[in-house]
């Protein structure tokens, strides 16, 4: 369950950013979850709640923004949207693709008080 380590890293980063700016509480956190990130939002929400206990992030609302996967096709020189790994380019049918976005998990916004 790699979601626990991801949740803990998000908690640490959010708490650190809040403290550096003179705030004591994180009230909400927005996470962008790429469709190829292999992260289950329900699982990370569960882990987040458990790992946040006793921290400045405890009780913070967790919001998810989903990001589609996009790749650059070397055959047709276009950026295309993909729905699954190993998929051929929807424009030309080629398989020379490099994922450009949608394979990560990142914090996009932090609300503090």
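Cβ coordinates come from backbone N, Cα and C, glycine included.
Now, the feature entries from Swiss-Prot:
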type: BINDING; residues: 2; note: Ni(2+) binding site
type: BINDING; residues: 73, 76, 89, 92; note: Zn(2+) binding site
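Note: the Cα of residue 76 (Zn(2+) binding site) and the Cα of residue 2 (Ni(2+) binding site) are spaced 36 Å from each other. Sequence-distant contacts of the residue listed as 'Ni(2+) binding site', defined by Cβ-Cβ distance under 8 angstroms and a gap of at least six in the same chain, are 38, 39. For residue 89 (Zn(2+) binding site), the same-chain residues 6+ apart in sequence whose C-beta sits under 8 angstroms from its C-beta are 71, 73, 75, 76, 78, 80, 95, 96, 97. Other than the site residues 73, 76, 89, 92, same-chain residues with C-beta atoms no more than 8 angstroms from the centre of those residues' C-beta atoms, the Zn(2+) site, are 74, 75, 77, 78, 80, 90, 91, 93, 94, 96, 97. Within 10 Å of the C-beta atom of residue 76 (Zn(2+) binding site) sit 14 other C-beta atoms, taking all shown protein chains into account.
The most crowded of the binding-site residues listed here (73, 92) is 73, judged by how many other CB atoms sit within 10 Å of its own CB.
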